C-alpha cells in the first residue's frame, strides 16, 4: 500500500495533467469518493476506503497549515507545490458533514497566461478588449459567475499592457491566483487589516498607472475604485452580474451616482467560458482521456458594452428612452453554435430564456 504522502502527490499530479480545476474528496457512510472537475463537468476518479480518506484529508490540512484536530468547523488553507511539470498553487477548503470532513482543492497551475487572441472565441472581440488598454484612466468592468474566466482575462490584459505600454501595474486580489513577477501583487488579508478598501487606498499612494482590483464587494471599495478611475488611473475590476447592463445597476446599488458612472466606465464585458465542439464526440466529451488529449477545450465569449451603446444603457438606467444595439451573450453563443464552434449544451447552460 502506498504511503499517504505518495497518494497525495499522485493525486495532485494527476489533476494537474488532466487540467482539472478542482479536486473533490467526499466522504460517504462506508467509503469515500474522489471527483475531478474538468471544464464544467464533475467526473468520478476513484473510490477510497474511509480510513484512507480521513488520513488523506488530515495530510492536506497539515500541509496547508490548518488545525488537524479541528473537524467541527470549516477551515481554509493554501500551499504551493513544485511538480515535475511545473509549480501549482493549491487552495484548500474543508466542510464538516454527517460523514466526516469533505475537502475541496482548487488547483491553480502557475504557467503562462494565454494571450487574449487565444482566449477569445472571436478574434475581433479580443482586439476590441485590447484597444481599451490605450486609455490612461477610467474603469473596465468584467462580469460573470465564478469560473467564467474573468481572472484569466484580467491577467492576459495585464501582460499585454506591461509589454506594450510599460506601466506600473498593481493588483489587489483575494487570493492571488496567478503569480507574476512583472507586476506588484497584493493579497487581501482581513485579519491583518488589508481589506479591499484599505488595500486600494494604500495602492493609490504607490504611484500606479493601472490597478487590477479582483472584485468590487462593497460600497466603500466601489467609491474608492471610481475615485481612482477619475484621478488618472486605469482600473480593471470585476462584478457578479448576469449581463453587462447589470453592472450599471450594481454600481448604483453601491451608491455610485449616474454622473460618476458616465465619467469613469469605459466598457463592461460580460464573460462566459464555453465548451468547444469536440471533433471526436458528437454530444460532448464524456471521458477524462478525451478531455485531456485536446489542448484547447474551452474559449471565452464576451458581451461588450461600450461607446454609444453604453451611454444609451446609462440613459435607460436613468429612466429615459434608449436606443441601443449590441450583441448579447445569447446571440454570441447562438452564433458560435451555428458556426459549429460550440456545443449546444452551452446554450442551455449560459442563456436565459428571454427576449433578445
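Cβ coordinates come from backbone N, Cα and C, glycine included.
Noted in Swiss-Prot for the protein shown:
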- 144, 145, 146, 147, 148, 149, 150, 151: ATP binding site (BINDING)
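This view paints the features noted in Swiss-Prot onto the structure.
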residue: 144; record: ATP binding site; contacts (Cβ under 8 Å, 6+ apart): 150, 238, 240, 270, 271, 272
residue: 145; record: ATP binding site; contacts (Cβ under 8 Å, 6+ apart): 240
residue: 146; record: ATP binding site; contacts (Cβ under 8 Å, 6+ apart): 240
residue: 147; record: ATP binding site; contacts (Cβ under 8 Å, 6+ apart): 21, 40, 273
residue: 148; record: ATP binding site; contacts (Cβ under 8 Å, 6+ apart): 271, 272, 273, 300
residue: 149; record: ATP binding site; contacts (Cβ under 8 Å, 6+ apart): 119, 271, 272, 273, 300
residue: 151; record: ATP binding site; contacts (Cβ under 8 Å, 6+ apart): 173, 177, 178, 214, 238
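Of all the Cβ atoms in the protein chains shown, 26 others lie within 10 Å of the Cβ of residue 150 (ATP binding site). Within 8 Å of the centroid defined by the CB atoms of 144, 145, 146, 147, 148, 149, 150, 151, the record's ATP site, lie the Cβ atoms of 238, 271, 273, excluding the listed residues themselves. Taken residue by residue with DSSP, residue 148 (ATP binding site) is part of neither helix nor strand, so it is coil.
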